[in-house]
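Chemist: Please find one structure pasted underneath; my questions will follow.
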Amino acid sequence: MTAGIWTDEVRVRSYDVTPQGTASVLTLADYFQEAAGRHAAELGVSMADLRADGQAWVLAFMHMQVERLPHQNESIRIETWPSGLESASAHREFVFHDEEGTVLAGGTSRWFVFDVDRRRPVRPPRVLADIEGPDRPGPIDRDLDALSAPAHTDREQTFTARYHDLDLNRHVNNVRYLEWALETLPAAVLDERRCLGFAVQFKAETRLGDPVRASAEQIEDGGTLRVRHRLAHAESDQTLALVRTTWL
């Protein structure tokens, strides 16, 4: 079965924007995953389809590069498509366009199928191997230097996983990890600098009530700010996610 390219159109809503009047990278990550979920449903591999077999989709990695963040009330088009299996993971690409067709952002992602009872990845169902993605290159290079933890801590903040942070899998939603990483940054960075993109690698799940410590190392590089983030269980120090954000 050929998957084709799934297209969604979204208007940026007032509750999706930051004080700068634009959507954040968090919003774009949410929009992408909504579109990916609808495409998966059309292909017969939705979250509901997997849950019937005691399984679920879990995001393992996402890398997004941003050209421009859309403004409130702006209509944007999201395109997403599966791009193959690699070992036990499934790849999916995505790109955002404005009304003129100009690229706003693009990225790549990697997903695992997760056994809900055993809380561990399993081999994807056979139907995934039968899905052939379109003959279209990804919007960004999949190859990326390995994410690393901060060498030292410039900023640190602790959070507690709340009920409304949880998703269908009863663990913290993946975008919340990214939100916690960004919350460690000074308001001056969030207000005055432009996010050029992020990469996030998920290492372990976070459950209700877990304390999470977010740390960040800020590296100025010729006018560009590169930030290494680490999210860890505040008691065991287990790494939950590594994040890299870039700002101009």
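Using the three backbone atoms N, Cα and C, a Cβ is placed for every residue, glycine included.
So TrEMBL lists these for the protein:
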{"type": "DOMAIN", "residues": "8-123", "note": "domain 'Acyl-ACP thioesterase N-terminal hotdog'"}
{"type": "DOMAIN", "residues": "152-247", "note": "domain 'Acyl-ACP thioesterase-like C-terminal'"}
Chemist: Between 0 and 100, where does the mean pLDDT of the domain 'Acyl-ACP thioesterase-like C-terminal' (152-247) sit?
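Modeler: Summing pLDDT over the domain 'Acyl-ACP thioesterase-like C-terminal' (152-247) and dividing by its length gives 97.
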Chemist: Using DSSP, what's the helix, strand and coil tally for the domain 'Acyl-ACP thioesterase N-terminal hotdog' (8-123)?
Modeler: 27 helix, 57 strand, 32 coil
